Amino acid sequence: MTLRSRLSGEAPQLWLLLLLASTASSLWASVAARTGPLHDKVVVCYVSTWAVYRPEQGAYAIENFDPNLCTHVVYAFAGLDITQAAIKSLDPWQDLKEEYGKGGYEKMTGLKRSHPHLKVSLAIGGWNEGSANYSTLVANNLLRGRFVKQVSSFIRKYNFDGLDLDWEYPTQRKGKPADRENFVLLTKELREEFDEHGLLLTSAIGASKKVIDEAYDVRQISRYLDYLHIMCYDYHGSWDRRVGYNAPLTAPADDPLSVKFSIDYLLKLGAPPEKLVMGLPFYGRTFKTLASGFLNDVSEGVGFKGPYTREDGFLGYNEICQTLSNQTSGWTREWDPQTSQVLAKSERNVFTQEINVVTYDSSRSIANKVLFAMSKRLAGVMVWSVDTDDFLGNCKLDEDTYEDFQKVTAAPKRSSQNYPLLRTINEATMLAVDELAVPEPQPDDSENEIPHGSIADRKNAGASMVSLGLGVTAVFMLLHRLAQ
């Protein structure tokens with residue numbers, strides 16, 4: 001055989017080798033470029049944007065946010081201009097770039113360029129917005145229609161992926177009985193508009209039985225919402241005038257104030273599990289008492305405030321863990337296995353005779369709740385809010401996080417100490433698969449659509465990684481055979 005004929009015979013093989021090498025390179029690049037959690041569950045992270053104004057180490061800017069720990073982030077909050085039936089920024093200097101503002105909207109949505117897995121929504125409402133204006137809006141067909149078009153345009157103008165409705169709550173706090181039905185109309189009309197542009201539609205949902213019964217037609221709103229973010233916290237606080245747990249996982253059978261009751265009740269009312277996102281608090285509720293500082297002790301007035309959040313009756317997890325980390329502070333803590341809650345209390349003040357108490361979720365609480373959410377086949381969990389996690393990593397990590405997991409002998413090693421609660425969520429989500437050892441069911445789509453931008457486009461990310469790995473292996477095996 002001549003040299004020329006030999007080369008011409010090898011040319012197709014050479015081109016095939018080059019093609020396969022290019023394919024292998026692309027596959028490895030896909031693996032390397034993956035961002036976000038290494039599981040297929042939803043982790044929704046609310047950011048309270050006023051946290052930027054907190055003092056010292058409590059100040060939280062968008063630059064502090066770690067997009068790899070969340071699948072969705074919700075920028076909280078925008079407000080309602082009822083005179084225009086329009087969404088509006090509540091802090092133009094912080095949110096917008098106009099008038100030399102800081103451009104918070106653009107900074108948050110800009111994270112998608114380097115983290116393509118991330119979905120960024122804008123929340124409208126919140127506790128301070130109240131309910132009256134939203135009640136007026138949804139009761140009027142003209143106002144409702146104007147709002148639907150304007151909010152769709154606003155969301156797209158600032159490059160958000162969707163809207164989170166945080167009306168607290170329909171029919172409550174100067175709302176009207178008709179709000180329950182009118183809220184369904186609002187979600188339906190937003191769904192129709194948002195489908196034209198591929199936008200997400202979610203809503204924060206109250207967790208108490210009273211609010212659920214009076215405010216929501218659960219089965220109907222589930223048809224139009226991609227996800228229902230259940231606010232499974234604030235079950236108890238200083239407003240009760242006695243010490244209580246902020247977010248107990250379970251409670252006595254006749255007590256509806258628990259996470260388990262809220263989730264089970266919503267499922268009973270027809271909420272699809274693949275649309276339910278269970279809320280986890282990155283904060284505790286505080287109390288002052290003249291008694292001994294135990295559960296159900298009578299409390300005095302509003303709870304004490306922290307140095308960063310500076311809110312009566314409220315303490316961020318970062319404030320709690322720093323307080324408890326001080327060995328000379330005189331604080332003690334006690335774990336309640338029935339509720340997966342921690343109660344911590346100070347020494348008695350010699351002047352006021354009061355004891356300060358805080359009830360909160362530790363890493364162990366979070367892990368147990370994630371396990372519960374996975375056992376119920378929920379879409380995932382959400383957090384309020386990432387800015388009160390120990391985002392700087394100032395505190396020592398808990399050593400009992402997986403104490404209640406049967407198949408975990410040691411906590412996974414972490415590369416970083418920051419965001420201990422958020423990292424626990426992602427660890428526990430993956431560990432729960434082995435703990436429960438039950439195959440995932442296929443969602444029932446007979447009545448509810450596949451969530452937009454959620455289940456359909458995040459189907460088993462772990463399996464995708466395995467497929468990529470197998471693809472790369474196959475390519476290199478073929479390359480090896482051709483080279484022989």
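From the backbone N, Cα and C atoms, a Cβ is placed for every residue, glycine too.
Remember, it's a predicted structure, so these values are computed and weren't measured experimentally.
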Record feature phosphoserine (Swiss-Prot), assigned residue among Ser25, Ser30, Ser203, Ser467:
Ser467
Per Swiss-Prot, which one of Trp335, Trp384 shares the chitin site with Glu98, Glu99, Gly125, Gly126, Trp127, Asn128, Tyr169, Met231, Cys232, Tyr233, Asp234?
Trp384
Let's check the environment of Gly125 (chitin binding site): how many other CB atoms sit within 10 Å of its CB?
24
Fill in the CA-CA distance, Cys70 (disulfide bond) to Cys232 (chitin binding site), as an integer in Å.
19
Work through the binding-site residues one by one (Glu98, Gly125, Trp127, Tyr169, Cys232) and name whichever has its CA nearest to the CA of Cys45 (disulfide bond).
Cys232
Number of Cβ atoms other than its own within 10 Å, given for Glu168 (active site, proton donor):
21
What is the interatomic distance between the Cα atoms of Glu168 (active site, proton donor) and Cys232 (chitin binding site), given in whole Å?
14
Fewest other CB within 10 angstroms, which one of the binding-site residues Glu98, Asp234?
Glu98
For the recorded positions listed here (Cys45, Cys70, Cys232), which one has the lowest count of neighbouring CB atoms within 10 Å of its own CB?
Cys45
To which of the binding-site residues Trp127, Tyr169 does the lowest count of other Cβ atoms within 10 Å belong?
Trp127
